[in-house]
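Reviewing the structure listed below.
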Amino acid sequence: MQRISDTTWLIIILAAGIGLRVAVLWTQFDHLAEDRDAYRAIAQHVAAGQGYLHPQTQQPTAYRPPAYTLIVAAILKTGLNDAGIAALHLVLGAGTILLSYATARRLGLSRFSLVAAAITAVDPLLLQSTTLVMTETLAAFLLALLFWTIAPNTDSNPPTNGRLLSVGLVFGLNALCRPTIWAFGALAAVWWILRRIGRQDVVNPLPILLGILLITSPWVVRNVIVLGRPILTTTHGGYTLLLGNNPVYYHEVVGGDWNAVWSGESLKNWQDGLEQEIQKHDPPITTEIARDRWMNDRAHDNIAAEPGFFLRASFLRLARGLWGVVPLQEPTSILGRILKYSVCAFYVIILADMILGLCSLKKNQWPDWMPAALLLVSFTLVHTCYWANMRMRTPLMPVIALFVAQGCWAIWHWRGRSLKTKV
């Protein structure tokens, strides 16, 4: 029997990935009308020619990063609305599948590159994000694109300045989509310095830095002009830090049992109380930047006041949040429970194989794989302090899929050696 070619398998996987996303969109299309994080509201202001404004204050804002918002604004401008956003997410999802496969090929995983493509095709987090007007789908695509540009390429080895420039350009796009990528950039810079000190071959960082500057500088300049500060990321960080480090969360969730969740009513009461504190503050807190700074300071005060709760919260943010395997929401139907524990089983296998893939890397493989490992470490470090749930892992899934494919490759080769030994 003739073996099915890798290209045929890739087409099948791609079709399955698109089909699953279409099915999820079909059943949850109304979710696209929701606007939990105000990306659509800001995009509507941009589409109307009013500028990048906060929907509540109607003032210029840097509360949300601009990349996804501006794309949504362009879609709204055409009048396609929810259908246009759905089409965008389908294209990004398909692109993520193909990039995962292409990157795995560059890393030498040969036929096991199909595993990476399959993971990104069926991953529940990536599927669910298709129905949400949030950054996860774009962020996953951009991270997949970044690691495709970083992965070794026999056509340009050592990398040309043009290729290094493209790494910087794509990194800049990632930064304008999910600022968490800056933590990865910092760790990558440390790794570069250590390799330079160790007199190992290192790339020229200047083209990368130039690419980053070209993409991110318009956002910084805009913020200087309209907000008076050279904001590189957003003014949302203080709230995200405080959200996971406040007495209510500490005592109701961290101090509760393992399955404790922050109820919507309690969260709303805490948010209302926070607004009352800000309104009563003397001197008055009148700007978005001042609000961000005040929330950041309040979070640090809470951490200093209850360090034990902070450590426990940090553990929960990682164990139940970023690296959790069980969705915290408790379904009411039998089908929902089956789906929940199917997702749990999927992620137990995926994360176990990811760890196996990490552990199976040989010394000569680490230079090519180190950026991917640093990405996982950087997100973990960030969400040790900042709010986290399983959704925060969504952009990482294309990179996690690479380690899963490496783990499958290792199992296959260990099995082959074992069979030869028996013979």
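Placement of Cβ uses the backbone N, Cα and C atoms for every residue, glycine included.
Taken from TrEMBL, the feature domain 'Glycosyltransferase RgtA/B/C/D-like' covers 64-220.
The feature transmembrane segment is assigned by TrEMBL to 7-29 (among others).
Marked as transmembrane segment by TrEMBL: 85-104 (among others).
Under the heading transmembrane segment, TrEMBL lists 125-151 (among others). Sequence-distant neighbours of the transmembrane segment (125-151) (same chain, 6+ residues past either end, Cβ-Cβ under 8 Å): 20-21, 24-25, 28-29, 31-32, 34-37, 39-40, 65, 67-68, 71-72, 85-86, 88-90, 92-93, 95-96, 99-100, 102-103, 106-107, 163, 166-167, 170-171, 173-174, 177-178, 181, 368, 371-372, 375, 390-391, 393-399, 402.
Positions annotated as transmembrane segment by TrEMBL: 171-194 (among others).
What TrEMBL records for 206-225 (among others) is transmembrane segment.
Residues annotated as transmembrane segment in TrEMBL: 338-359 (among others).
The feature transmembrane segment is assigned by TrEMBL to 371-389 (among others).
Taken from TrEMBL, the feature transmembrane segment applies to 395-414 (among others).
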Three or more CB pairs closer than 8 Å, sequence separation of 6 or more: does that hold for the transmembrane segment (171-194) against the transmembrane segment (85-104)?
no
With the transmembrane segment (338-359) as the reference, find which of 7-29, 371-389, 395-414 contributes the most Cβ pairs under 8 Å.
395-414
For the transmembrane segment (7-29), give me same-chain residues lying six or more residues beyond its boundaries with a C-beta closer than 8 angstroms to one of its C-beta atoms, as numbers and ranges.
82, 86, 89-90, 93-94, 97-98, 101, 114, 117-118, 120-122, 127-128, 130-131
